[in-house]
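**Student:** Checked Swiss-Prot, it gives:
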| type | residues | note |
| --- | --- | --- |
| BINDING | Cys24, Cys27, Cys40, Cys43 | Zn(2+) binding site |
Amino acid sequence: MAKKALVNKANKKPKFKVRGYTRCNRCGRPHAVFRKFGLCRICLREMAHAGELPGVQKSSW
C-alpha cells in the first residue's frame, strides 16, 4: 500500500497540469496504471480473474 501522504498529494490539483500523475484507485500504486480502469496492472489482473470487471476476459489464441 502506498503512503497516505503521497496518495493525498496525488489527489490534489497540481499547480501545472504536467505535474499531475495517475495512481491506482485501489492500492495507490503510481506505476503501470491503466487510465481506462484507473487500476494498476496487479489490481487489474486480480479483479479480472475474480470476474469483477465486466467485459474483461482472459485472451486465448
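The backbone N, Cα and C atoms fix where each Cβ goes, and this holds for glycine too.
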**Student:** How many neighbouring Cβ atoms, not counting its own, are there within 10 Å of the Cβ of Cys27 (Zn(2+) binding site)?
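**Tutor:** Cys27 (Zn(2+) binding site) is surrounded by 14 other Cβ atoms within 10 Å.
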**Student:** Tell me the Cβ neighbour count for Cys24 (Zn(2+) binding site), meaning other Cβ atoms within 10 Å of its Cβ, over all protein chains shown.
**Tutor:** 22
**Student:** Note down the number of other Cβ atoms within 10 Å of the Cβ of Cys40 (Zn(2+) binding site), including every protein chain shown.
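**Tutor:** Its Cβ has 22 other Cβ atoms within 10 Å.
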**Student:** Mind giving me a neighbour count for Cys43 (Zn(2+) binding site)? Other Cβ atoms within 10 Å of its Cβ, every protein chain shown.
**Tutor:** 20
**Student:** Beyond Cys24, Cys27, Cys40, Cys43, what residues of that chain have CB atoms within 8 A of the centre of the Zn(2+) site's CB atoms?
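**Tutor:** Neighbours within 8 Å of the Cβ centroid, excluding Cys24, Cys27, Cys40, Cys43: Arg23, Asn25, Arg26, Gly28, Arg29, Val33, Leu39, Arg41, Ile42, Leu44.
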**Student:** Which of the three DSSP-derived classes (helix, strand, coil) applies to Cys43 (Zn(2+) binding site)?
**Tutor:** helix
